[in-house]
Amino acid sequence: MSAAHRCDRAVAWTALQGHYQAHGKALDLREAFARDAGRFEAFAVEAPHVFADLSKNRWDLATKKLLLDLARECGLEARRDAMLAGEPINTTEGRAVLHTALRAPAGQAPFSAEVHEVLNRMLAYVETVRDTAASGIRHVVNIGIGGSDLGPQMVVPALDAFVHPAITMHFVSNVDGHDIAPVLRGLKPAETLFIVASKTFTTQETMANAQVARDWFVANGGTDVGRHFVATTTNIEAAARFGITTTFGFWDWVGGRYSLWSAIGLPIAIAIGSEHFRALLAGAHAMDRHFATAPLEANLPALLGLLDVWYRNFHGFGSRSVAPYHQGLKRLPAYLQQLEMESNGKQVDLDGEPLPYGTSPVVWGEPGTNGQHAYFQMLHQGTDVIPVEFIAVKTPTHPHADLQRKLLANCLAQSQALMQGKATDAALGEKAPTASASLDPQTVARHRTFPGNRPSTTLLLERLTPESLGALIALYEHRVFTSGVVWGINSFDQWGVELGKALCNDLLPRLASGDTAGLDASTAGLLKRLTSA
Ligand code: F6P
């Protein structure tokens, strides 16, 4: 693919601009529902383990058709097939992008023999650790950052109902000692397994924390580093140099933020067991098949990615909020931030030419209902329109049916309120007992007006299980891929994190020496304050 496929040069792009001006800009969801009794059904999409209601989005069937035309003109299907076949679509690094091969049944994807050899070996190891009577392991500490942390850190609490009752999982990522210190405080070397998780085995934060962990282990009477430290990495030699003999490898065609399906998933597998880990892979594979085979009209990842383009490039919305109405998914927004913003936060096309249009939106959020009592005020009445993605799970794993009904009612109420809004006249007709009695009713009513017509998507899961979570994560991966293809960018590199790393290497010795020579005045001034006695 080259810039020749760039979205702004597509016929459908120009058509979408015209459609936006003529119909899209003024589309009112309340009128759209009033006009079309079948709108919910028309914009409902079934994918494996996930039902999506796309009807509360500011689009119509004509928008959808033009977006599908755009996807076809941008070569989405060919690009998807190239990814699945293992072509080097990560052009700036000359690599294939094959996280889908990690969850394919044996013999059904490239590198199957290697993938299943590591998977089987890793899952056999997992069962020996989970046998706490034999292993004595009661605490597992995953030391990794970014893609070597966020996936496992998100999945383990999400699947809490499946977690081994006698093993506590810990995650250490930050080079800030306030992260590892409280974890180590509660541990005993003989009961602890450290996983050093790093694709490159060079990342400063992870190497520094691994060193601290090993020093702590030895200082506290730990005797068998080989048994209590394992590595998950593509750099087996570096792990061996660190003194780690048990290593589970993966490959350069697994991007860090797409790696929870690889050996990086070891903490997940220890927590939920090999059978459930295989179910997580199977759920993701089911979504892969859907993405690979469903016609684009009914292809959920493709439709979500195209809606993202519609909002970002035509409506000009700069962010999207994710609100999982399931406490177990509390780390999902953080996980999606890396997945989406590290993948699609790019400013040049595949040929390195500057882009004249926006790419990744800011992705952010908190679980509901907590977010309702924090930032939802802005979603309802702020000056920016922010599409919201609600994720609801029908059947909980806890026995508190009343809490579940309240949670689901809140979730539905929020998307309803965002869409319906409240006119000033309606507010005027209501009592507002907490409003100041000294204000005139018109002023109070204006404060209590909601513009409405604020878009949202609701994703529904029957249950949060390894299968459905696998499918949900894969859905997000392919959605990010879709918008990346339309934008004509490389979603699989991350050059933007390099500059800060290089400057940190320059500043590190200066924090010891206090040397400020050649620094800009601000950095020099701050460094002086930080190093002064
Ligand atoms: O932040 C940059 C990054 O390279 C991420 O893409 C990656 O997930 C993270 O650092 C960790 O890298 P590694 O697994 O090599 O330690």
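Each residue, glycine too, has its Cβ placed from N, Cα and C.
Taken from TrEMBL, the feature active site, proton donor applies to Glu342. There are 22 other CB atoms within 10 A of the CB of Glu342 (active site, proton donor), with all protein chains counted. Annotation note: Glu342 (active site, proton donor) sits in a helical segment as assigned by DSSP.
Long-range Cβ neighbours of His373 (active site) (same chain, at least 6 residues apart, Cβ-Cβ under 8 Å): none. Residues annotated as active site in TrEMBL: His373 (among others).
Note: Lys501 (active site) has non-local neighbours Gln204, i.e. same-chain residues 6+ apart with C-beta under 8 A of its own C-beta. Annotation source TrEMBL lists active site at Lys501 (among others).
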